[in-house]
Amino acid sequence: MKVGIIGAMEQEVTILKEAMTNCQTVNKAGCTFFSGQINDVDVVLLQSGIGKVAAAVGTTILLDEYQPDVVINTGSAGGFDSSLNLGDVVISTEVRHHDADVTAFGYEIGQMAGQPAAFKADEKLMDLAEKALEQMANTHAVRGLICTGDAFVCTAERQAFIRENFPSVIAVEMEASAIAQTCHQFNTPFVVVRAISDVADKESPMSFEEFLPLAAKSSSEMVFKMLELVK
């Protein structure tokens, strides 16, 4: 099996990249692809860049040229579930755009024209993530809806909009729905596994920039455990 792994920022992929053997690097269309092995599993690690367009471009190249069997989106996310704290893990059951609105044409809020309202994560990959979590002592995780938009959600107004329109949301970030939609169009199974870098409505002693390396470490550990179970 070949596993595609996608992170937006250098900080989100560095730990995984450093664990790769026989690593080959290709730069294309503003994206960086690292192909090799992690724990004897064939992987292609993509550093896509931030935001939905960058993620869609990178995922398209990944799926078309490298043809992984499955895709794991890793990195950081902002927590919306009240039980989440910094460093906790979120696992997607489904992914939606929170900044898409073509309701004037009869679509649901968050649904892009011609696309499903939600992109369902692969059941086997979700179960794999749960099994990986069992091997991570003292790591709290929540499984549910992750919402994506081309904005860092930091205002009370935007948080309220998301909560009102997507009441089951557990986390938000800036790439997953683009990755999910691209995987949907390529019929490639996906799951999103991210670590919480900040939490809505909770004061944190650490800023996003300060906590990002720790979130990257936590999400990378999840991916390592999943790759061990894939073999």
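Numbering starts at 1 and runs along the chain as it is shown here.
Cβ coordinates are placed from backbone N, Cα and C, and glycine is handled just like the others.
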(request) Given that Swiss-Prot annotates VAL153, MET174, GLU175 as binding substrate, state which candidate in GLY78, GLY79, GLY87 belongs to that site as well. (result) GLY78
(request) Show, in sequence order, which residues other than GLY78, VAL153, MET174, GLU175 on the same chain lie with their Cβ within 8 Å of the centre of the Cβ atoms of the substrate site. (result) ALA77, THR148, GLY149, ALA151, PHE152, VAL172, GLU173
(request) Using all protein chains shown, find which of the recorded positions GLU12, GLU175, ASP198 scores highest when you count other CB atoms within 10 A of its CB. (result) GLU175
(request) Whole-number Å only: compute the distance from the Cα of VAL153 (substrate binding site) to the Cα of ASP198 (active site, proton donor). (result) 10
(request) Taking the Cβ of MET174 (substrate binding site) as the centre, count every other Cβ atom within 10 Å, in any protein chain shown. (result) 23
(request) Give the distance between the Cα atoms of ASP198 (active site, proton donor) and GLU175 (substrate binding site), rounded to the nearest whole Å. (result) 16
